[in-house]
Structure formats: structure tokens, C-alpha cells
Amino acid sequence: MISFTSYPLQLDDESFYGSRQHHPDAAEDIDMDLDDEQELFEAGGSKNLTYPGEPLTSSHAYMRGHGTYVNDEEVIASVAGTIERVNKLVTVRAIRTRYNPEVGDLVVGRITEVQPRRWKVDANSRQDAVLMLSSVNLPGGVQRRKLESDELQMRNFFEEGDLLVAEVQAFFSDGAMSLHTRSLKYGKLRNGQLVTIPPILVRRLKSHFITLPCGVDLILGLNGYIWVSKHVKESDQEGEEGFDAEAVYSNQNDRIDELTRVAISRVTNIIRVLASHFVPLTDTLLLEAYEWAVDQEDGAKDLLQDDVGDLLVAMITTRRQ
Amino acid sequence: MASISLSKAEKSYIQTGLLSNPPLRADGRSSLDFRSVALETGVAPLANGSARISIGRTSNGGGTEVLAAAKLEVESVGEDGVDGGRIMCTVSCSPAAYPHISSNGLDDLQHDMSSILHQTLSHLSLHPKNLGILPNKKSWLLNLDIAVLSDSGNIYDALFMAARAALWDTKVPRTRSIEYKVKKTGSSVTTGTGKNGGSGDMDVDEDTPSGFDTRQIQNATDFELPDYWDEGEVLDGRDKWPVCVTLNLVPPVHYLDATLQEEAATPLKLLLAFSFLPSTPPDIQGMRIIGPGEIKPSYLKDLVKDGEKYARELFSSLNAKLKDEDLRRNQKARDRFEQHR
């Protein structure tokens, strides 16, 4: 029922520096970017991670970007992260950070507030995102204009705590993002559970809606919120043009059988394990991990044990090299 | 309440899972499974006893993390102190652990936690006998301070486990009383005498015989620490400190070790604090129902019975872990001694 473990031993200096490596995928990316540009590494040696205060390069030759500052004619990293360079612009992408939105990103968010004609949405960003009443699909047809009565019944569409999937539409002058759900793919989420990982681990994919063969749908929000739910057949999603308000803004879950629930838990745990080992997520990787986990014939909860998690990550990283 | 916001669909997903047969939880645990609990004692070098605990920790952090430290302070009886010593428990929550709660709400929350812990642990039936120094003059005040560093559910169990571990680890310095004796010539001289004026610790100072006088010294005025380096003896009655199990209730079922999401979906929980002494029936040291809702007395009876079973299991594995920790630290101290020799 309950088991006690010890805290891991404090790392001494030697093993700390030994472990400062990237995940192989990420290391590859950086090499590709920078192999012709060894100058940037002058100060940092062969390390791929910066530390705050680390001098990167001369400010005469390069421009400072996000995550850096200039002092004494040197560009200095202000965060721990990976160096990225576009022409003469040097930026450091922090390892642990809030989500930096870009227009067109798919995000999963949670309603925090209902305001006049808009919802405030927590999307793991520095500020709450805004979802305008005019940028959601209203019941009764996609092209319907919003009415005053809609403003009065906003909580029938989304209320506090509701989860939704949306796309970043634009930015306001203060940097807050504006979302929209004007697509049948977007909208309220149900039939599943949320798992949160660092946003840097979600890579840009061709599609962020993933269906695993075990009957589980995944929505990988670029903000690090991942929705794991029961698979819904496309034909069942919505009848062609007929936009069913009942279904889209419903709070009721469908019946979910036991096997699907176990599969959802297993996928969630795999995502947690991968995130705790700092492995970036992709659909193929998840699939491999899921097959491995099923082969082990353990329960879903066993994945959360440290040794099983280590095995899983070791399997994935070796297979991908 | 300290729960996070959750959509109706998520709530009903969690509740239906718990009510299905067998109960299915979000991370695949069965209803009586705990997440893995990491425990370490002796983490604060300046405290008399300390421990940190984390429930559901992964390799890059997360989980419910609690730090507990016990510090002894000398009090004069009559000013603030009480003859025989007293215990004060304080819980403080880091704002980082509850980012969604305002500072006022946080104060309320830590007051709630402090009062539950204090009322349970400072009860007379648990009072350690060796907190007195000089009868009716000096006593120890044991400050048990607990910091909640992060909360991902099941905070009360973590608080009680941390408290038990820190108190288990607590060492009370040995003291020796001093009295003034008037010499026959008339000038007063200080002398240290042997027999301890404290009430409970007769067994400690056999090595300082007090001559022929075996009576208790009644006119001792002050005390001294005979050995600066010695950490002292363990707190009396350390086997008695209770453990708490939180039963989260979704009638007709209940489950243990809820995550934050599960807590938000199950408003009603029952805290049961048990203390187990070998060869005596277990004592309920504390009991709380938290959240809206009601329980029928007959149902409560069953819950207490079940709770005792879980608590006993928790208690015995916690004890085993604490003994392991004692061994580990002895070993570490010995290694360090070897190195410096």
C-alpha cells in the first residue's frame, strides 16, 4: 500500500558536470544550427547548456536576443538554456519557462474568469489569454452573428474551470494572446484528463491531434497542457454543417469503458515519466513507449516507479539512435 | 478550500472512475495505493530534530513536499512556560505551493493546518516526560515548525508523517542542575551537584554521583549542559507520536492519498490520527471531517475501523523507514569520523 524511498544523494561536482548533456535529439538540433559557428562556443567550451551570467560572444559581432543581455561589450546569457542563433541574432531558450505564444499555435487552456464579452483563459503563459465571445462558434450555425442574449448566457458556453482547446489568433498590445475556437476541431474538452509538462518539451508537429491505436486521443497543446481522452470517431464528432450546441458545449462525459480508462492512465503516466526525464514528446515516441509499456504487462501505476520509468526512457533513447 | 479549479467533465471523469468496479484512478493506482513517499531525517543542522518528506516525487521534483523541524527553547515557569514543558506546532505554507490562493486565504489555510496539528500533538496523553528541566523553574518549549513547500494533494498525511519523523529525530540536551551553597565561613560559592532536578530523566546522569546525598535537590536555581557536544537523549515517548490517514469519501467508496485533482473532485474527507503502542490497543488521537456533506454514524464506525487498518500499515512502514534513516545517519557519521581521523 505504501512504500518509502530515500531522496537521491546530493550530486557532487564531478557527476554534476558529467550529466550536463542534452537529450540526443536536442543536441543534434543545436549542432545543426551552430556547427559552422564555433565562435559562439568560445566561452562556453563544448557545453550545450548556458548558465545565467555566462558570456556567449562579443556584442560587436552579434545582436542580443531573448534570454541575453549585454555587459562590457559581451553578450551574456541571463537564463539557463540552449543557444539559438538566427544570422546575427543570438537568443537563449530557457529550459524552464512559461509558454511563449506564437500566432497559429494550438493551446489547451482553462477558463479562469468570465468577463463582459470575453473569457480569461489560463494557458500557462505569463498573462492570462483572452477568448472573445466573437471568436467562438455560437450554437445554431457557424456564421451566426452574436446577439445580446449570447452575452447574457456566456456561462452556458464556457464557465470557470472549463478546459478548451483553441488556437492563438493574435496578440493584444500588452502581449496577452487572443484565442479563437472557430473550427469544429476546437472547443470544450471532455472524456479525459489533463497532464501538464514543461512547454519546451512539446515540439511543433504536423498535427497536434494524435490518435493512438489503443483508443486514446491526445491533444498536445504547445503550452505544455496535454489532453488525454477517449477516442471519438470523426464521423461522430459533428454532423457535417449541423453544429450541435448540445454536444459542443456539453459537460457530460460519454460512457468510458474500463480498458479505455486504463489506456488513458497509462498514456498519462508515460507522458509524466518522459517529462520527468526531459524527453521531448512526439507521436512516434509515444507510440513506441506505449507498446513497450503494454509488453511489460505491468499495471499503469508501475510506470511511476523510478526503475520502470528509467527503463522506459533508456529503451526509447537507445532505439532512436 | 484549497482546491484547484476543475471542469465539470474532469470532476465527473474522476468520480465515475472511483465508483466503477474495481475503482480506477487517474494514474492507475488502486484506491488504497499511496504514491511513493521519500523521507529524510536530520535535514536541518541547527534544529534539534528535523525531517523532510515528499509524496509523489519524480526525478525532477513535484509532489507534496513538507519540511519539519523541532527546536527546543528554555522557558521560565511562571512567565510563559509551563511546568514540565510544552509543545507548540506551527505550519506555514509557501505562497509558491498555493499560487491560486490570496495571502489572506493562505493565512486561513495555515491556521487550519496549525490548529489541527497542534491540538493533536500537544495533547496531554502524548506529552513527553523529559521536557522539564527544573521543577517549577525551567522547562523546554518544543517548537515544531513545519513548512509546506509544495502541495500536490494529501497534505495532512504528509504533515503528520513529517511531524512524527521530526519528533522521532529530536534529541533533548542533557542538563545538570546547579545550586548555591553557603559555606560555613559565610561567603557563597557555586558548586555543581549531581542529581538532576528534572522529573523524568533519572537514567541519564549516573556518571556524576552526588556523594551521599541521594535526595532530590529542591533548591536548585539554574542548570548547565554537562556536555556541549552531546546531542542528548531522544524525546521521551517517541513511539507514541500519531500518524494520520486521510480517507477521501465518495460514498459508498473511499480512497487514500488523493492528488490535487482528486481532492477537487471529492469534497468530503475524514482525517484519522492514530497512535499505536506495542501491546496496547490503538488510540485515536484526532479526528476531523473536512468539507461539506455529512456522514451517518454507522458508516463512520466502519470508516474508523478501516482507517485503523490503513494507519497501522502506514505506521509500521514509517517506523521501519525511520529506523533505516537512523542507521544511515549513524553510518554516515562514522564514515566522516573515519575520514577525519
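Every residue number used here counts from 1 along the chain in the order it is shown.
Keep in mind that glycine also has a Cβ here, set from the backbone N, Cα and C atoms.
Just so you know, TrEMBL annotations are computer predictions that nobody has curated.
Per TrEMBL, domain 'Exosome complex component N-terminal' is recorded for A:51-86.
Per TrEMBL, the feature domain 'RRP4 S1' maps to A:98-169.
Across the range of the domain 'K Homology' (A:192-232), the DSSP-based residue counts are 3 helix, 21 strand, 17 coil. Annotated domain 'K Homology' per TrEMBL: A:192-232, in sequence order.
Within the model, the domain 'Exosome complex component N-terminal' (A:51-86) shows a mean pLDDT value of 91, rounded to a whole number. Under DSSP, residues within the domain 'RRP4 S1' (A:98-169) fall into helix, strand and coil as 12 helix, 28 strand, 32 coil. Taken through DSSP, the domain 'Exosome complex component N-terminal' (A:51-86) splits into 0 helix, 20 strand, 16 coil.
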